[in-house]
Ligand SMILES: NC(=O)c1ccc[n+]([C@@H]2O[C@H](COP(=O)([O-])OP(=O)(O)OC[C@H]3O[C@@H](n4cnc5c(N)ncnc54)[C@H](OP(=O)(O)O)[C@@H]3O)[C@@H](O)[C@H]2O)c1
């Protein structure tokens, strides 16, 4: 058979599972740089004839219906350019390349332009859901050439996660819109993961909870949050280490790694002049966690704090509230970044649609997304989720938890960077008056940078020195 409907390159975890998912409804040819991976996949995972293994790029290309639809599920960065270069001699006008990896949005812009010159249509598609999502239904965030999207829409729809609102996929905008949205998705993920880790830290160090107790608590809270990250956290807390019989979480080294999407979100936010402190706290916390040797040595220089006396029953609802507030703020920061990016890069993003696509399949899926969708449905021009009627009252109540938790954390010398960043963001964004008047006075004092006045328009400078 030489008329396979879809082609997929890259057979690591994501590629293999996505291929199996797509093959439920469409035929596809697959290729991987290292042949042994393709062979292993075909021999051990593939049961249908819908998937054809190929071992030469030329064979791969010749197996596909025209215009060819080729998805790359490979390591982001240089490999994407190398694989595109290897495909080009065999491609024809109107063929479609779909980059399904976590490419930086600026790379996607360049690739799309270069390929358009050659008549090749390009899509930058963010895919979230990890290994299981790729197999059972991920959340899919496509951007780029619209006619190309329309031609592959049915295939992506068949593979995507499903909710009552439809398939968790939809055209998000031109050029790099899909990869930008995926980057911000991952940024939000960094913020929520860090906030969850801080609550875990408080529970184990201040309240002396054991992992199983923490697991039960998260499972209980998740009846309200309906969040994937909370669900897996509850499961993680229950897992035993087969070697030692101890809880596995107690044995895992406290050094977090990162692949770059969180850092890119922060870089892009700074570039656009948007504050995303909760997401940034997630990135910074991972950087500090990586200094394990230094942290361990430093800890010898300082006395251990006395743990405060607390009643768990009194504190637990407060912790839940603070995590709720921080989660809302992480989403709010992400959507505010998307709004700025949409303006700057002319993506014309539809926030209600993005929330809908994130409602299932992806890592940051949670019950809150339904409310976010409703907030943007009611007010498409919303400047921040924090003031929406869906969240305003919740935030006012949740914020009441902060003083007690932060005071206990200060006594226990426990860092809570994401929880505090979110609380500060909330307080800043709802402050009519911030101390930036002093910043302006200082700038004008040492650098004649000028300032504006409250009582009249114009730009002013003062000779400050006596
Ligand atoms: N893992 C996840 O949970 C997840 C979730 C969402 C998105 N993503 C994104 O999806 C993409 C695939 O992720 P993954 O975890 O499945 O795999 P990965 O570890 O990111 O990449 C491995 C794949 O890239 C190929 N590759 C690497 N360098 C290459 C080169 N120079 N030329 C040709 N092929 C090359 C590998 O081929 P060989 O076998 O020959 O080495 C292999 O197929 C990535 O962009 C990733 O960031 C991953």
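These residue numbers are counts, starting from 1, taken along the chain as shown.
Cβ atoms here come from the backbone N, Cα and C positions, even for glycine.
Here TrEMBL flags 10, 11, 12, 13, 14, 15, 32, 33, 34, 74, 75, 76, 102 as NADP(+) binding site. Annotation note: residue 102 (NADP(+) binding site) sits in a coil segment as assigned by DSSP. Around the Cβ of residue 102 (NADP(+) binding site), the number of neighbouring Cβ atoms within 10 Å comes to 20.
Feature annotation from TrEMBL assigns substrate binding site to 102, 128, 129, 130, 185, 186, 190, 259, 286, 443, 449. Sequence-distant neighbours of residue 185 (substrate binding site) (same chain, 6+ apart, CB under 8 A from its CB) are 126, 128, 139, 141, 334, 358, 362, 363, 364.
The feature domain '6-phosphogluconate dehydrogenase C-terminal' is assigned by TrEMBL to 178-465. Taken together, the residues in the domain '6-phosphogluconate dehydrogenase C-terminal' (178-465) have a mean pLDDT of 98 on the 0 to 100 scale.
The Cβ of residue 182 (active site, proton acceptor) lies under 8 Å from the Cβ of 102, 126, 127, 128, 141, 261, each on the same chain and at least six residues away in sequence. Taken residue by residue with DSSP, residue 182 (active site, proton acceptor) is part of a helix. The active site, proton acceptor annotation in TrEMBL covers 182.
Of all Cβ atoms in the protein chains displayed, 23 besides its own lie within 10 Å of the Cβ of residue 189 (active site, proton donor). Annotation source TrEMBL lists active site, proton donor at 189.
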Where the C-beta lies under 6 angstroms from ligand 1, the matching recorded positions among 10, 75, 102, 129, 182, 449: 10, 75, 102
By Cα-Cα distance, the member of binding-site residues 12, 14, 32, 75 nearest residue 129 (substrate binding site): 14
Largest tally of Cβ atoms lying within 10 Å of a Cβ, found at which of the binding-site residues 75, 286, 449: 286
For substrate, whose listed binding residues are 102, 128, 129, 130, 185, 186, 190, 259, 286, 443, 449, the greatest C-alpha pairwise distance in Å: 49
Cα-Cα distance maximum in Å, computed over every pair in 10, 11, 12, 13, 14, 15, 32, 33, 34, 74, 75, 76, 102 that the record assigns to NADP(+): 21
